Ligand SMILES: CSC[C@H]1O[C@H](OP(=O)(O)O)[C@H](O)[C@@H]1O
Ligand SMILES: Nc1ncnc2[nH]cnc12
């Protein structure tokens, strides 16, 4: 029996979910190591939810140091079929103002020090990723924004940089020339791993700053980001409630639910037993 239907990954400034009731905190073990934090199971709008603080409570883990694989595996182990992520982002366009929400539908990868696949160790798999965000989950966020009465723009490109330093002005202007909308340090690896895990993923990107390209705004600082997040946390939580309410009971009607069907290249007979066992949670439904 699944312990949760919906996973929520809270980013910078969102280390717990006050709206959760009947809560229980659990430590989830995974073959990929420890998730960022203990996970809080609870009920939100009548749905069974699992909440994970991405950087740990107290914000202890750098974007580069995040164990994305353990975080997503833990969600799979709990039975989650949708992950709703919340993240702070810098704006790369005038029209995305601090405190607005954007619901990105594309990513550009500018990272270079991350492990973002469950495959390897004798098994090769390639999932389709042309549409990295689940449209059902994204529309649930859009609905949540409507209900909360906040700006929630559906669609946009999220640049995932390595960090932890913010961008140079030349980089920020380069990303603008690419037509990108927002910039952050964490979401793409989660989206990739969620796809391999056949979990639908979408992110609510809270605009906190204009990065460093805007001539009439100061360059981004953590201080500025924290102020915007604090002013906007209640809104984010309201949006989440609406989104949770809008989600179907599972993602079986989305293409994400069968992402692994044609993904594995490796001859079954050659997959090392330890690797097969480590990935059983993903592969059993196809191989029995
Ligand atoms: C707090 S400033 C930069 C930090 O904020 C974002 O984190 P998250 O995506 O977890 O909200 C950004 O990606 C950086 O990790
Ligand atoms: N300007 C920015 N660059 C990268 N990550 C961010 N998170 C919030 N603002 C950001």
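Glycine too: its Cβ is placed from the backbone N, Cα and C atoms.
Binding of phosphate is attributed by TrEMBL to 54, 55, 87, 88, 186, and the same site annotation extends, among 12, 167, 200, 216, to 12. Residue 12 (phosphate binding site) is 11 Å away from residue 185 (substrate binding site) when you measure Cα to Cα. According to DSSP, residue 87 (phosphate binding site) is assigned to a strand segment. Of the recorded residues, residue 222 (site 'Important for substrate specificity') and residue 88 (phosphate binding site) place their C-alpha atoms 11 Å from one another. Reported as a whole number, the C-alpha separation between residue 186 (phosphate binding site) and residue 210 (substrate binding site) equals 18 Å.
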